[in-house]
Amino acid sequence: MITVQEYLREHGCDEDLGRLISLIADQADPIRGAFIANQSYATTLNSSGEVQAELDAWADDHLIRVMKGSGLVSRIASEEQDEVVECPGSCSDYTVVMDPLDGSSLIAVNLAVGSIFGIYKGPILQKGRNLAAALYLLYGPMTTLTLSIGSGVATFALADDGRFLLMEDGIRMPEGSIYGSGGTRPEWTGKHTAFITSIEDGGGKVRYSGSFVADFHQILKYGGLYAYPASRGRPEGKLRLVFEAQPIGFLAMQAGGRISDGFTDILDILPTDVHQKIPIYVGSRGLIERLESMEE
Ligand code: AFP
């Protein structure tokens with residue numbers, strides 16, 4: 001059985017980056033351990049104006065405290081923080097961008113949720129293609145870690161002894177027909193409606209839970225499409241470029257899939273604001289290319 005630490009060494013991962021990834025992996029247990037105790041909604045709003053669950057704030061505080069204390073991170077941008085958190089005294093130049101708890105409203109109904117991380121060398125506002133690593137924790141029937149350090153994608157499962165053990169390496173996203181789209185049909189744009197209809201006409205099967213990490217993970221394994229599109233009332237979509245689209249897009253690309261805003265590859269977009277939102281289409285390469293070739 002290969003542990004995540006052994007995998008990182010075998011793949012020639014930079015030592016500090018490997019230590020940082022290990023540190024993040026070690027937080028899976030405390031985060032999922034907090035689910036029972038912290039289920040209510042706080043009265044606070046996050047930077048995107050969304051009501052925070054207590055757990056959102058707890059996971060955010062916990063991760064920032066652990067990373068700040070590690071000396072391995074220079075700055076942290078979190079979906080839950082208005083401002084970038086500077087970490088003076090760091091021995092490295094790594095930036096972590098994160099959604100500490102993605103899909104947290106699903107915890108009350110015991111559906112799978114996740115945590116998303118991107119790690120850059122240098123400043124925050126970079127193209128997603130520059131990521132040194134992207135990873136997510138998925139708290140489902142198993143707790144898993146899905147990771148890329150730029151040499152393919154691997155998934156590890158958390159064992160009883162606290163180690164993440166390799167389940168699958170070299171994951172390739174197949175062409176597939178599972179699909180899920182956020183938003184509501186009356187609000188969708190003409191192009192989005194036509195695209196989803198074409199998938200349905202081709203025998204597509206809807207699977208959408210409301211947790212980006214969980215919904216993406218099944219697309220990674222089975223192929224197909226996850227979308228959170230622009231809508232008439234919300235042209236920028238709902239999901240965040242830096243915290244969600246870039247890390248998940250990097251993982252999709254490393255598995256042979258694609259991420260797009262409907263027109264262009266999201267990994268080529270230079271963010272101008274940490275909290276910027278973007279319409280997202282992520283999934284099998286063929287489907288995304290078909291979407292991009294469709295007329296508006
Ligand atoms: P939170 O991170 O605020 O819980 O939002 C979840 C999310 O950003 C993403 O995980 C889901 O895919 C999407 O929102 C679900 O949104 P809808 O409830 O509008 O479908």
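For all residues, glycine too, the Cβ spot is worked out from N, Cα and C.
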Binding-site annotation, TrEMBL, Mg(2+) 1: partner of D99, L101 in E54, E79, E80: E79
According to TrEMBL, which candidate in E236, E244, E289 joins D99, D102 at the Mg(2+) 2 site: E244
Within the domain 'Fructose-1-6-bisphosphatase class I N-terminal' (40-168), residues counted as helix, strand or coil by DSSP: 26 helix, 55 strand, 48 coil
Residues among the binding-site residues D102, G103, S104, Y208 that border ligand 1 - Cβ under 6 angstroms, in sequence order: D102, G103, S104
Other same-chain residues whose Cβ falls within 8 Å of the Cβ centroid of D99, D102, E244, the recorded Mg(2+) 2 site, in sequence order: E79, M98, G103, G114, S115, I116, F212, V213, L239, R240, F243, I248
Inter-residue C-alpha distance, K238 (substrate binding site) and E244 (Mg(2+) 2 binding site) (nearest angstrom): 10
